[in-house]
Structures are given as C-alpha cells and as structure tokens.
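Asker: Take a look at this one; I'll ask things after.
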Protein chains: 2
Amino acid sequence: MSTLPAPLELPTRLLHGPGPSPVPESVLAALAKPTIGHMDPEFMRVMNEVREMLQAVFETENQMTLACSGTGSAGAEMVALNLVEPGDRCLVCVHGVFGGRFAEKCRRAGGEVTTIEAEWGQAFDQAEVIARIHELQPKLVMIVHAETSTGVLQPIDQLADAAHQHDALLVVDCVTSLGGLPVRVDHHGIDAAFSGTQKCLSCPPGLAPVTLSERAMHRVTNRKSPVRSWYLDLSLVGNYWTGSRAYHHTAPVNMNYALHESLRLILEEGLDARYERHQSAHQLLKQQLEQRDFAYASDPEHSLPMLNLIRVPEEVADEAAVRRQLLTEHGIEIGGGLGKFAGVCWRVGLMGHGAREANVSAIVEALDAVMPAN
Amino acid sequence: MSTLPAPLELPTRLLHGPGPSPVPESVLAALAKPTIGHMDPEFMRVMNEVREMLQAVFETENQMTLACSGTGSAGAEMVALNLVEPGDRCLVCVHGVFGGRFAEKCRRAGGEVTTIEAEWGQAFDQAEVIARIHELQPKLVMIVHAETSTGVLQPIDQLADAAHQHDALLVVDCVTSLGGLPVRVDHHGIDAAFSGTQKCLSCPPGLAPVTLSERAMHRVTNRKSPVRSWYLDLSLVGNYWTGSRAYHHTAPVNMNYALHESLRLILEEGLDARYERHQSAHQLLKQQLEQRDFAYASDPEHSLPMLNLIRVPEEVADEAAVRRQLLTEHGIEIGGGLGKFAGVCWRVGLMGHGAREANVSAIVEALDAVMPAN
C-alpha cells in the first residue's frame, strides 16, 4: 500500500433501493455504544430483550428465536442447513431470485430439490402449491413472502395445513416483509422464518432474525447427520442464545445494540401503525408514479408496499446512468433490477424509517429532474 | 412481551478477556456513520481500502483478501468449507480448543481428518508436524498461530515447505495474533489465514479478515463438488469483493466502516511499534503477576503477549465469583478458562488498544483488591 487511506468521509444518501434502508439516529447511536463482552451478564440481558422483541415482531412464541450472526443470506442458510439432510425432498417455490437462492442452499445441504415456478411479477396460486405438496410429499416446503427481486407479496395463509399433513416443514423468507407487513408466524403455522436487519427493521445490515417452531427444532435435534456448518449449527448457536449460554462464537455485540434499538422503535410505533405507514407511503408513491406513466412490473393485486418494481420507461437509453445520476446529483439510491429484471426494471424501496410522505416527494422530484422527457 | 424494554444503558467495561478488546473512540464513531448502500460506488471504495489495509497487516499480496461477513468462526469456516472436499485428507494440529474446532469444521466439509495433539500450554515442535506431513501426505495442514484457549504462540516458519512438497495447503488461524504479532503470510508461505476483528484489531466483533494464496484459490476454482455453504462460497463472495462486483449478499456496511478505521489506526501507529507495545505491556503484566505468585499456564518460551494464561491460585475457592467481582465492582473483564482449562485458568488479554501500561496497572490493582489473600 502506497499511502494510508484518509479517515472515512461518506456522502449522505436517501436509501430507497431494496435495502439497506434509512437508519434512525438513535439506532446509529446505539450501534456506537461502547463494546462489552459477549459473555457479560449485561450483554445476556441485551440478547434476551432482542429475542423478546423479535418474538413480538414475528408474532411468535417460538423459544428458538434469535439474531443469526450474519446477513439475511446467512439466516436463510442457517434454516436450510439445519432443516435439510442429504436426500431430503424439498419443494421450493421460485418466483424470483430469492426462491432460486434458497433452492441452491437446500441442494448444498444435500437435499433433493424440486422447484415450481411462477411468472416473475406474479404470486403463486396457493392451490397450485398445495397440489404439489400432496403430490411430492416433501419434507420441507419453502416460499418467499416478499420477493425482493419482483416486488410481489405472496399470500401464505393456506400452506401450513397441507405441509403439516405430510409432516413437511413450512419455511418462509421474510427478509423484506418483517417489520413492514404482518408476518404472523404462529397464526400461519410457519415452521421457520428468516429476515435481515437492513430492510423494514431499519437497522444496518449484519444480522439475520431467525425463528423456528418446536416442530422444526424437533427435526434439528433428531438429525442423522451433522449440520454442514458449525457456525450456523442451531443446536450450538441456540445454546448460546437460549440454553446453557455456552460460548459458541463471539456475537456481533454492537450490531445487537443497534437491533435492540430498532426493534424498540418498531414496537413503540406499534406494528399496525407501522404497517399502515408503509401502505400509505406506497399508495402515494404509486399514484405519483402512475401519473407519470410509470408501469409496475408486479401484479397490482399482489404488489409489495415496501418495494415498488417499476419498468424502466422506453425513452431511457441507459438505465444505470439514470440511477447513477439520482445517486450522485440527488443523493437518492434506488435499485436496479435483478435476474430477469436486470436492465428493465427499477426497484424503489419505501422501507422502515423511509416509508414516509416526505421521502416519496423527494424520490418523485428527483425522478422528475433526471428523466429524459424533462 | 409485557413491557417495552428501555433504551439501552450499558456499563463501561475495561475489556481484558480473550476479546472483544477495547475499541477506540474513532472506531466507534466510524461505526455510527450513516449507512450507505452495499453497491454504492463509495462503499466499493471503502471495501477496496479495507482490502488494501488488510493486505498490509497480513503482509500479503494475495488478491483474495477480504472481510468475511461473520465473526472469526465464520472466517475459519469459510476457509475449511472452500478448501476441503469430501474425502480430502486433512492434518489438523490441536493444542487447544480452536484447533479442535477447525478439525470439526473440516469434518463437516466432508474431510478425513487426522489430528495430532500437543499438551495444553505447549507449542508443537515443528519437526514433529513436518514428520506427520510427510507420513500422511494430506491435502491440507492446519495450525493455530495464537491459541486463545492456552495462551501459546506457535512457531510456524518451517511448515510451508513440507506442506507444499506434497501439494498440501498450509492454513493458519490468526484470530488472536493479527495486529498484535507479525503474521507475515507471504513470507511464511501461508496459503490461507483467518482472523477476527475483536482481538488485536480493536474493532467490535462482526467481521472476519480472510486471505488466500493463489495456490489456495486454484484449489477453490477447481473443486469437483460445490462448497457446502452458499453464504461463504469464495467464488461468489470473491466476485463481490474483488471481481465483477456482482451482488452476492448485503455486506455489513457499518462494520466495514469500523474495520476501515481500526486498520487505519494500526497502520498509522506502524506494525512494529504496535507489536512492541504488545510485548512491553505483556512484560510489565507478567512481572507484576509473578511478583504476586501467579503462575503462567503457558510455556514461558512460547507465551502470547496479548493473552496471558494464568493459573487460578489455590486459595481461590470460586474463580467465577472473583471474575464477577472484577467485572461488577471494578468494571474489568478477564476471561475464564476454556476446555481443559475451564475453572483452573484465567485469561488476561492485553489486546490492541488495551495493550498499555495504564491498563496493566488497572488490572493489577483490581486483582489486588479482589484476591482473598488481601
């Protein structure tokens, strides 16, 4: 290295992509509190309160509820690697990038994976999924609640009965929904759900909330083969979070402070008020965008409030250049498309702290300024 | 949940256990800078600078040098899962808890693991390890540079030649040594090394610096079977850090800010000055402890400067109570023993920012106050 880098100077961004989302000041302040030990009784108290607040946001009484020490993808992998053994039949519903990723994680766990697909931008008809559950009789069924690549909200209320009839576990990806839409783990009979901190929880990225039902934990504790990851092995991690408190790894202490504060803010606001705020910001943005002839890429019946998938207008020759201009001239981040939607869609997030009227106005004004028609 | 937890109020601790270590104010300030996107060009600059500074501290030119998005154990697992394929013979040197853990990680990767053991508190004779390398002809040899459970500094300068003679990769656990002792990856011919941010780097826990040689990456890119983890798959993670910048996961953005600042402080101080500071703080502590008849559990020829393993004196009936008293009455954390040393040893860390005369005095004064003889 030739010269020592200067201390970080970072631009201020209004984060309206697919996450990370805007982080409230008090969450950043919590993040910067002095580090204490990962075995300190005071940190155990922090962990306990994080667990209790996660249970409230997931709407579950699951004992095995914790913040996995990695980002959302680590949470997904924790679920896949702990619940799937070599040879296990898995049914994974793919209607975007993240279903496909979970299928890959199940394969790496040794699972025999069958995928079913829905058109990008569409939700699955639950009856179709249920028919495939009866047909395949898998040990695990997985579906994405809020597909971050397509902006689709997937109804999941009818799946647990069919899954449980065949002793299959129902796994739901709640990375983008948790904190912005009701997840209701216990009510919907979900056996395992995972999320990330940087979406509707409005905390920096770095932790993955995970919850598993007793049925799922029975599967974990009765495995025939060891979990293919030591770091994510729930029988070890779970002991640190909820059991004997035996040392497993050094938890990201400060990130847990930040999650503590972000969950506190969510519960202080109230879940229903928060969900309504996401809805009304979405409605306002949608109205403003449609007035400007932007078209949604997601089925209007199943569009996510916190992530708006819009088609790049034909008059835009270089969509990446427009996003870059939004970022550098207006300080606003929106996301490009992923997978099949790369280059043809934009992803406009209204997540957590950022789901507000003022933010919608800022986004729309900046779009007006950079669109070629203007 | 009955009542909402209050905003976090945390005690101030002087961290002198086996990590986390004291975090400088400017690192906490960097941690709390506003979150930006994980694909933002400004964050790419942060990642590049983190990589360059990690290369400087590891003393390597390895292209594949990055901060794995998990704690030290995730870094160890990234190395094991990427370098080991089912059936691969692995030789793992176990002289404490962390060698044993790496052996388990290799097993979970499908490796056929042979362990050799040294007495706890002793270093391996390198000649003995070399003889076993020639005998076993493994594909991977692993040894712990600084055993956090025994306080032993393991000489590693003679191992690479023997390993490379049989086309084996040399893996070294540098979790506790990096930033406090010379690691010299390229000079010693190390093929893969991993560390954690919360030891001698004096950054909060949450990231794992990892570096792999070209020889190691050749192994990764020529695997016959997929890596058993998608999250830690180096061909995917590496692309995000050093290649096409393709999105893989959402990096812990703020933790990377903190690591950036902590590496900056290390290089500003200078590696040699920093290593000397660790040595002189250790010598002072050792002198003070030995004056008080504390005995080291680690071989005096091979004792770590940053982690002092001392035997709990016989007159102490309840060692955990003494540590608790140090923590609650004096705000000082020291560590209990791990594994075979649980209940019989204490671990007194002098890591990173905490390796200073003033801290030594604080530790010794507090020990004087709580020891039963007084």
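Each residue's number is its place along the chain shown, starting with 1.
Any Cβ shown, glycine's included, is placed from N, Cα and C.
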Asker: Of B:1-21, B:211-231, B:274-294, which span is tagged region 'Disordered' by TrEMBL?
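Answerer: From TrEMBL, the annotated region 'Disordered' range turns out to be B:1-21.
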Asker: Can you tell me how many other Cβ atoms are located within 10 Å of the Cβ belonging to B:R347 (substrate binding site)?
Answerer: 24
Asker: Measuring Cα to Cα, tell me the gap between B:K199 (N6-(pyridoxal phosphate)lysine) and B:R347 (substrate binding site) in whole angstrom.
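Answerer: Approximately 13 Å lies between the Cα of B:K199 (N6-(pyridoxal phosphate)lysine) and that of B:R347 (substrate binding site).
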